[in-house]
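Notes follow once the structure below has been shown.
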Amino acid sequence: MPSLLSTPKLAPVLARLRGLSGCMSCLQRRYSLQPAPVKKIPNRYLGQPSPVTHPHLLRPGEVTPGLSQVEYALRRHKLMALVHKEAQGHSGTDHTVVVLSNPTYYMSNDIPYTFHQDNNFLYLCGFQEPDSILVLQSFSGKQLPSHKAMLFVPRRDPGRELWDGPRSGTDGAIALTGVDEAYPLEEFQHLLPKLRAETNMVWYDWMKPSHAQLHSDYMQPLTEAKARSKNKVRSVQQLIQRLRLVKSPSEIKRMQIAGKLTSEAFIETMFASKAPIDEAFLYAKFEFECRARGADILAYPPVVAGGNRSNTLHYVKNNQLIKDGEMVLLDGGCESSCYVSDITRTWPVNGRFTAPQAELYEAVLEIQRACLTLCSPGTSLENIYSMMLTLIGQKLKDLGITKTSKESAFKAARKYCPHHVGHYLGMDVHDTPDMPRSLPLQPGMVITVEPGIYIPEDDRDAPEKFRGLGVRIEDDVVVTQDSPLILSADCPKEMNDIEQICSRTS
């Protein structure tokens, strides 16, 4: 899905990322990365799937599908290593990281939205219940990243559980996630006096709290008190994002699963496309095929844009009829076991590209192929974006859409493709948004590559045959030391393949 062009300028980020690998090799020699001693998971339903109740989803030792207690513990150690590096000059200071869960949001009285955990909280512990707090606390007299991990969670409550379902409680939280300690949520208040001390540096995202009530009850008074001292609260958001930017092999495997099942859903949706057809039907078909293959939810409201509506980049009304002879642009993805996909394909609903549609489609496809070859270590999304604009400018001229000089080709390219070439991808669709696109890519980063050309029907500068056409082609890409790994490789994008799928009979 396209994102805005603006990116924050964070010059120190690159150096910090480069320094992390060396720090981690040292960390692995000096500190245990094992979670707390394994405790038997209660033989009952918890507030989320466990290896006991959902053995078809989780293996023993896993917190979420495919991700073990050891991996979550390693993430926490990496974060505390970054805290140690950021806090140079505060060697005698204790450090406490506080991360809030999401609350339950309601669409109306007593009618909740499907709960989705805050992804920074989820990344660090895997706990999927609302109204919870994760605390990582350094040991006095011991060097970071040595620390204690604590969860503060809702109490077991038979009355509420009758209505809302089971809760993990403190015993379930420890046994499932592998944190060192767990307490009822209200006991967090007893930790606050220690956090107020001048000797304790608190790391917490007070500018954008994920849970307004917990922030108001506990963290806002603490933040205001610390603001009057020399030891102010420091943000932890960017540190977590720097960790999330580079995926582990286990994370990449989850994203491969999401990419594969989304690709299969696209194929079935293409096959179901007959003219005329309602955008709402294709929306429903795509969601069904994702969910039927194991997706938890859609990653975002999909764009299902027929005809000229494809020129509205984030069109999500999806309520119009697509006529015979028109194309549909479907930008969709799913979330599977905490990781998402984000794929775009454009195809004719009657199964046959017209000559102008084929010209424009092939132009975008050639641009996308060229951009994919650039997805290697050392380049950046900004570099790929510049190449995309150059190629679009040339294609616009070749198609007779513009007659501009080379000097003004970039301006024309931005007119007909007003979005960036891509963004980082992971637990979120627009993942790690504070990480600049100017960062050199490195193995383990996952990005999207999504060039497009959009020609509104009222554009009098373009040849009439192209007016009202919009094409975008988007793939999900893992940067490796060798050639890029295309997570969406199973999703057809060659014109012959698309036409063959749309014309199949069974």
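Positions of Cβ are set from backbone N, Cα and C atoms, glycine also.
Listed features, source Swiss-Prot:
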BINDING   Y300, D331, D342, H423, H430, E450, E474  substrate binding site
BINDING   D331, D342, E474  Mn(2+) 2 binding site
BINDING   D342, H423, E450, E474  Mn(2+) 1 binding site
REGION    54-79  region 'Interaction with TNFRSF1B'
TRANSIT   1-31  transit peptide
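Feature map: Swiss-Prot annotations on the structure.
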residue: Y300; record: substrate binding site; contacts (Cβ under 8 Å, 6+ apart): M1, G332, G333, D342, V429
residue: D331; record: substrate binding site; contacts (Cβ under 8 Å, 6+ apart): M1, P2, P302, V303, D342, I343, T344, R472, E474
residue: H423; record: substrate binding site; contacts (Cβ under 8 Å, 6+ apart): S3, L381, V429, H430, D431, R437, I447, T448
residue: E450; record: substrate binding site; contacts (Cβ under 8 Å, 6+ apart): M1, P2, T344, Q368, H419, V421, G422, R472, I473, E474, D475
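Cβ packing within 10 Å was compared across the binding-site residues D342, E474, and the lowest neighbour count falls to E474. Using a 10 Å radius centred on the Cβ of H430 (substrate binding site) and all shown protein chains, the other Cβ atoms total 16. Annotation note: E474 (substrate binding site) sits in a strand segment as assigned by DSSP.
Apart from the site residues Y300, D331, D342, H423, H430, E450, E474, the chain places the Cβ of M1, P2, S3, G333, I343, T344, G422, L425, V429, T448 no farther than 8 Å from the centroid of the site's Cβ atoms, the recorded substrate location. Apart from the site residues D331, D342, E474, the chain places the Cβ of M1, P2, G332, G333, I343, T344, T448, E450, R472 no farther than 8 Å from the centroid of the site's Cβ atoms, the recorded Mn(2+) 2 location.
Here the region 'Interaction with TNFRSF1B' (54-79) returns a mean pLDDT of 98 for the predicted model. For the recorded Mn(2+) 1 site, residues D342, H423, E450, E474 set the reference point as the centre of their Cβ atoms, and the other residues of that chain within 8 Å of it by Cβ are M1, P2, S3, D331, I343, T344, G422, L425, T448, V449, D475, D476. Whole-number maximum of the Cα to Cα distances across the substrate-binding residues Y300, D331, D342, H423, H430, E450, E474: 16 angstrom. Helix first, then strand, then coil: DSSP counts for the region 'Interaction with TNFRSF1B' (54-79) stand at 11 helix, 5 strand, 10 coil.
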